[in-house]
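Features reported for this protein in TrEMBL:
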DOMAIN    B:5-168  domain 'CSC1/OSCA1-like N-terminal transmembrane'
TRANSMEM  B:6-27  transmembrane segment
TRANSMEM  B:86-110  transmembrane segment
TRANSMEM  B:147-167  transmembrane segment
DOMAIN    B:189-345  domain 'CSC1/OSCA1-like cytosolic'
COILED    B:275-302  coiled coil
DOMAIN    B:358-623  domain 'CSC1/OSCA1-like 7TM region'
TRANSMEM  B:359-378  transmembrane segment
TRANSMEM  B:398-421  transmembrane segment
TRANSMEM  B:451-477  transmembrane segment
TRANSMEM  B:497-517  transmembrane segment
TRANSMEM  B:550-582  transmembrane segment
TRANSMEM  B:602-623  transmembrane segment
TRANSMEM  B:628-645  transmembrane segment
TRANSMEM  B:695-715  transmembrane segment
There are 2 protein chains.
Amino acid sequence: MLVSALLTSVGINSGLCVLFFTLYSILRKQPSNYDVYIPRLLVEGTSTRRSGFNLERLIPSPGWVRRAWKLSEEELLSSSGLDAVVFMRIITFCLKVFLVAGIIGIFVLLPVNCTGDQLEDVDFVDFSNNSLDVFTISNVASGSKRLWVHFCAVYIVTVFVCCLLYYEYKYISSKRIAYFLSSKPQPHQFTILVRSIPVSAGSSISDSINSFFTEYHPSTYLSHLVVRRTNKLRSLINDAKKYYKRIIQLQSNPTQRSHGCFNCFGLFSRNVDLVDHYEKKLEDIEENVRLEQSEVSLAGEEIHAAFVSFKSRYGAAIAFHLQQSTNPTQWVTEQAPEPHDVYWPFFSSSFIRRWISKLVVIVACILLTILFLIPVVVVQGLTNLSQLEGWFPFLESLLTITFVSEVITGYLPSLILMLFLKTVPPVMELLSSIQGYVSHSGIERSACDKVLWFTIWNIFFATVFSGSVLYQVSIFLEPSNIPSKLAVSVPAQASFFIAYVVTSGWTSASSELFRLVPLVWSLIRKPCTKIKDDELEVPSIPYHRDIPRLLFFGLLGITYFFLAPLILPFLLVYFCFGYIIYRNQFINVYAPRYETAGKFWPTVHNSMIFSLILMHAIAVGIFTLKKLSVASTLIFPLAILTLLFNEYCRKRFLPVFTAYPAEVCLKVLHCKTLSQGGSKFSYFFPHPLYSLLEFNTITAFKSCTLTLTLAFILSEFDKERQGRRE
Amino acid sequence: MLVSALLTSVGINSGLCVLFFTLYSILRKQPSNYDVYIPRLLVEGTSTRRSGFNLERLIPSPGWVRRAWKLSEEELLSSSGLDAVVFMRIITFCLKVFLVAGIIGIFVLLPVNCTGDQLEDVDFVDFSNNSLDVFTISNVASGSKRLWVHFCAVYIVTVFVCCLLYYEYKYISSKRIAYFLSSKPQPHQFTILVRSIPVSAGSSISDSINSFFTEYHPSTYLSHLVVRRTNKLRSLINDAKKYYKRIIQLQSNPTQRSHGCFNCFGLFSRNVDLVDHYEKKLEDIEENVRLEQSEVSLAGEEIHAAFVSFKSRYGAAIAFHLQQSTNPTQWVTEQAPEPHDVYWPFFSSSFIRRWISKLVVIVACILLTILFLIPVVVVQGLTNLSQLEGWFPFLESLLTITFVSEVITGYLPSLILMLFLKTVPPVMELLSSIQGYVSHSGIERSACDKVLWFTIWNIFFATVFSGSVLYQVSIFLEPSNIPSKLAVSVPAQASFFIAYVVTSGWTSASSELFRLVPLVWSLIRKPCTKIKDDELEVPSIPYHRDIPRLLFFGLLGITYFFLAPLILPFLLVYFCFGYIIYRNQFINVYAPRYETAGKFWPTVHNSMIFSLILMHAIAVGIFTLKKLSVASTLIFPLAILTLLFNEYCRKRFLPVFTAYPAEVCLKVLHCKTLSQGGSKFSYFFPHPLYSLLEFNTITAFKSCTLTLTLAFILSEFDKERQGRRE
C-alpha cells in the first residue's frame, strides 16, 4: 500500500469521525432523540425532555466529552457495576500497553526499519507499490545486527504486558471480593440450581429433594422450589403486568379514565370506566392462574430440577462444591443465577441430554468458525452484475452507468461480508444458550469467547493465510511449520491491518457513539407508536460483541508492534476514542442487565496471553527467515516463561472467579447475621423471584419480564384496591 | 522372522518356564527359603518352618497352583485390599478382551490373511525371510474386499472393550464406595493436610491455624498438629523401637539374658544383664527425646504446614473442597494420607517452591522419556570387544575364543539395555516424590503413569520408528502424517513384538514367581546375619513396575490383534501365567503397604483408551495404504465415539476416585456416630499417629517405621516395667 493511499484513508475516516461527533453533539440535544441517546437518564428520571427551543440546541458542544472524561471509577462502579469497570479497564490496559509499545516502536524501531536497505536491494519488490513496507521489519537486511533491537523490544514489551496483566488480575480479583463483601444479601447467593434429581417411584420430586437435603445438609438447608414448565403462565404474567401498569397510569391521569372503545371495528363505541375494565381483566387472570397452576401440578409438568436455598452463603457454597451423590450424573449442582438473569430457552434437566447438546454446539461452533467464509464467498460470487440484472430487471438501465456499476461491484462484496459478520454475535449467543447456560450472563460470557476465536480465525488467520480453508487447517496440523509460515505471511499483511484499524476500528467507535441503527429505528417507529419515558427499554451493552472487538485490536497491536510499528498510533487513537465514547455510553445509554462481578476478565487475560504467544511464534519465524537463528532460539524461553506466567495466574487468581472462597462467604455472614435477622431477610425466602421462572424449549424470549412475578403484581394490585376502598 | 525361529524361541522359553515352575515347586518347600517365597505367611504366623526332612520336599507339586486358582475375590479383598483386587482385575480384563479378540483373530482374520496373495506377487519381499508375514494383514491384497473383515473386527473389538471398560469402571467404583462404607473410622479420613499457612507477626503457626479454623469451620473443627522438622527424633525413635523389641525378646527367652559383650573390640567381655542394659538405654532416649522436643519447639523448627482434624468425615470433605482463602496459594488443602503411608523426603510447604519443583520434574520426566535411549546406545557402543580388552587386559585370551566373543557381543548390549530399564521404576518413583506427593501411594500412582508412558515411548515407538530421537519427535509434530507413518512401520515389527511377548513377557512372569534376586540376596545374606521370622520385612508389590508392564502387553495385544492375530495366543498364555502367579504371590509374598481403594483403575482405563485410539490410527493408515479409503474414513467416527465414551466415563466415574461424595461421607457418619461415641474413637484424636511424622529433605527413607510413635513405645515400655515391678 502506498503511503498516500493510507493518508487518504486516514483523511476520509478522520473526516467521518469529526462528522459523526459533530452530528452526535447536535442530535443528542434534540428532545425527540433523547430515547436514542440518553435512554438511561430518561428512565432514571435524571433528565426530562425540554420542550422549549433555543439556539444552543443547534450548536455542537464538547460538554459530553468533559463529563465522560471526569467520570471516576467509583462512580462507574456504583452506576454500571463491576462489569462496566472491567470493560473500561480493558481499554485503559490497551492504552497503557500501546503507549509503551508505541514509544518503543515509533522512536526506536521505526528509525531502525527506515534506515534498513533490504527492500532497495531486492529487485522483485515493486518499491513504488509497497512504500509502506519501508517502515516494517521487512526493510531490515537479513542477518543484520539491527534485528537485535527488535529482539529486545519483544522481550521488553512481553515483560511489560505480563506485569500489567498480573496487576490487573490482582486488582480485579480484589475488586470482585470487595464487591461481594459490600453487596447486600441476594437470593441467588443463597441458592443453588440442582438438576438430574432422581425420583423413586411413588414420591414426588419435591419430596425427594426435601428428604435428600434434610438428610445430607440438615443444618443449612432452608427450602426449595421445583422448576416447572409454565409456558402458558408466562403470557398471563405479561398480560397482568400490562394491565396493572395501565391501571396505575389511568389513576394518575383521571381525565383519561372513561375514554375508549371496546369493540372490534370501532363501530359501536361506548364509554366505559377503563379502570374497572382492567381490574376485571386482572381478576380473570388471577382466577386463570389459580386454575393453571393447579393444572400444571396435576399434569405433572414439574421437571427434575430445582432451586434449593440454604440458610447461609456458606451452606450454598458447600452444597455447590461437594459432589452430592455417588453417581456424579445425579444431583448435579451449579450456582444459581440472579433471578432476573435467568434465561433458559433450551433448559434440560437430563445430564446426558445436556452433555450431548454441549458437544453438538461445540462441533457446530468449530464448523461455523472454520467454514464461515465459504458461504460468504459463494454469496459474494452470486451477486455479480449480470445476476443482479436478472433478479431486478428494472435496474438494467441504472447498472449500465459505469460509476454505479463500479460502486456496486466494489462495495457489494464487502457489504455482504459485513452483514454476515453482524449476524455472528447473535448466532453465537443462540449457540451458547443451546449449550446449556442458564443465565444471560453465562450465555454472553460463553458467546464472548466464541466470537473472539471466530474473529481471530476469520479476520486474522483468513487474511494472513489467504487461501482455501483446507490450506488454513492444514497449517495448524503441522505445528512445527507454523512460525515459518507466519513469518512469511504476517508482515505481508501489515498495510492491510493498518488500514483495517483506521477504517473498521475508527468507524465502529464513532458509530457506537452515533447509534445509527437505533436512531433510524426510532425515526421509523416514532410516527406509529408513542412510548412513555418510563416504558422505554434501556439497552444493555452487548459485551459479547464489543469485548471481542477490543481484544482483536489488542491482538493486532501486540502481534504487529515489532513488525510494523506504524500501526500503533492508529490503535492509540482508536482506544482513545473508545475510552471517551464507552464512558459516555455507560453514563447515558446502557444500563447493566446483570452483574457477573468481573467474570469477563479471565477471557481478556487469556486473549492477551494468546496474543503474546502468537507474537513470539511470528518472532521465531521472522528471525529464522532473517538468518538470525540465535535470536529465534532465544525467543523460545520467553514463550515458555509467558505460558508459565499464565499457568501461575490461573492458579493464583482464577479460583476466585469461579467461586467465592470460604473466608469471604463467612465474612459476609459475620457482618450480616442471617440466622438472627431471619425476619429482616425473610423477603428472600422462599424467594418469590424464583417462583415463576420458566422455560420454553422452542422459542427464545428476549424480554426481562420473567423476573416480575405474578404474585407480586397481584398483591400490589390488591393493596392498591384496598387502599382505594378505604 | 521365520516361523521356525519363532518356534525355537517359544520352545526355549517354554522350557525355561517349566524349569522355573519346577524349581519353584521344590525350592518353596525348603524351610531355608521360606523367607523368600512365603514371607507373608511367616510373619502372619500361619506357616512355621518345618525342620523335619521328608522326601515330599524334593518332589515338585502343583498344590500352590490349585490354592492360587481357588482364591476368591472376597478372600483377596480381605487379605490384600482393594488395590490387589484391581490389580487382578487388570489381568482378568485383558484375558477377557484377548479371548474374544483371539477367537476373532485366529478363526476369522488368520485364515483371511493366510489366503491372501499380496506377498507372493511382490518380488522384493524375501519370502523365505518373512514367512511370519504371511499371517499378517500385509498378505492381503491392496483394495481387496477382504479388508472389510478386518474393518468389522476393529469395530467389534472396540465396542467389546468399551463395554467391558464401562462395566469394570462401574464395578470398581461401586467396590470403592463399598470399601469406604465398610471401613472403620480411620484418622486420615477425618484429617486434611494444610500447607502455605500465613502467619501474622507475633503469633505462632498453631495460633493462626486455631483462629482460622475456629472462625471459618467452628462446628466441625477438632484439632490440629503442626508439621515439624524432626530429623534427629527419627533416629531416636528407631533406636527405641529396636531396644524395646530386644527387651521383649530377652524376656521371652530368659536363657539369653546375661550373654553378650559390650565393648568395642570384644577384648574386655563381661557378662551383664541385657534387659537392664536395654532399659537404661531406653530411659536415656526418653530423656533425650524430651530435651529434643523442647529444643525443636524452641528452635522454631515448625513449618507452615499442619494436619487439621475435624469431627466428621463430612467436615474434612468440606474443608478439602472449599477454597479457604481469598488468595488460593494460601491455606492449600489436600486429603491427608494414611499415617503409615506418609512419605515426604522432599516436603515443602511453600506453594511456589512446590509448583516449581513440579514443573522441573515434569520437564525432567519428558526429557528422560524422550532421550533415554541416547545414553543407552552410547554405553552399548562403548562396550565393544576392543574396549573391553583395554579395560580388562586379563580377559584378552578369553575374548579370542569365538564362542565367548559372540556371546558377549550378542548379549552385552541387551544386558545393558535391561539394566538401564530396571533403573527406570525407581528413578520415576524418586521423581514423583520430588514432584510433591506426600504418600507412598500417591508417589507410586504417579510413578505408574510415568513408567507406562516411558514404556510405550521407549519400547513401542522406539521400535516402530527406529531412527533418531529427533525423527521420532518430528513425527509427533506433524499429527496429520502419524497414521500413514504408523501404517508403514507398525506391521513391519509384528514378528519382533510376538517374540517380545514370548521372551520378555513369559520370562518376566516366571521370574516374578521364582523371585531370583531376593533368592540370591537371601542366599548371600543368610550366612552373615540371622533374622527372626517376625523381624522379616514383608515386601509390598511394586505396582509402579508391574501395572505398566501388564498395560503395555495390553497395548500390544489391542494394536496388533487385527494386524497380526498370531500375537494373541502368546499374550493369552502370558496373562494366564500372570493370573496364577500374581494370585500366588498375593497369598504368600506380598502384604499391602497402603490402600488407595482402587485409585489405580483410572490409569488402566486411560491406557486402554489410548491403545484403542492408537489402534484406530493404525487402522486408518493401513486402510489408506491398502487403497480402501472408504474404510479408513469410516474408522474416524469410531475413534471419535471412543473419545466421547472416555469423556463420558470421566464425568460418570472419575469424581468418585478423587474424593468421596457427600452422600457417602454422611452415610458412614450415620452408621457410626462419632459425635456420640467420642470416647470410643478418642483413640484417633489428637491422632498420635500423625504426631511424629517427619521429613528429611536430603535422604529418602525406605522403612515403614514412621508409623510407630515413640510415645506408644515408651508407654508400652512403662506399662511392661510396672507389670514386672508388681
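Cβ atoms are placed via backbone N, Cα and C, with glycine included.
Please treat TrEMBL annotations as automatic predictions, because they have not gone through curation.
Small disclaimer: the values here were computed from a predicted structure and weren't measured.
Annotation: stretch B:86-110 has the most Cβ pairs under 8 Å to the transmembrane segment (B:550-582), among B:6-27, B:86-110, B:359-378, B:451-477.
Residues 143-144, 147-148, 151, 154-155, 158, 162, 165-166, 483, 609, 612-613, 616-617, 619-622 of the same chain lie 6 or more positions beyond the ends of the transmembrane segment (B:628-645) yet place their CB under 8 Å from a CB of it. Among the listed stretches B:398-421, B:451-477, B:497-517, the one sharing the most Cβ pairs under 8 Å with the transmembrane segment (B:359-378) is B:451-477. Non-local neighbours of the transmembrane segment (B:147-167) in the same chain are 93, 96-97, 100-101, 104-105, 108-109, 112, 137, 140, 558, 561-562, 605, 608-609, 612, 615-616, 619, 622-623, 626, 628, 631, 634-635, 638, 642, 645, 649; each lies 6+ residues outside the stretch with a CB under 8 Å from one of its CB atoms. For the transmembrane segment (B:451-477), the partner stretch with the most Cβ pairs below 8 Å, chosen from B:6-27, B:86-110, B:398-421, B:602-623, is B:602-623. The list of residues near the transmembrane segment (B:6-27) in space but at least 6 beyond its ends in sequence, with Cβ under 8 angstroms from a Cβ of it, reads 33, 36-37, 57-62, 64, 132, 495, 498-499, 502-503, 506-507, 509-511, 513-514, 519, 570, 577.
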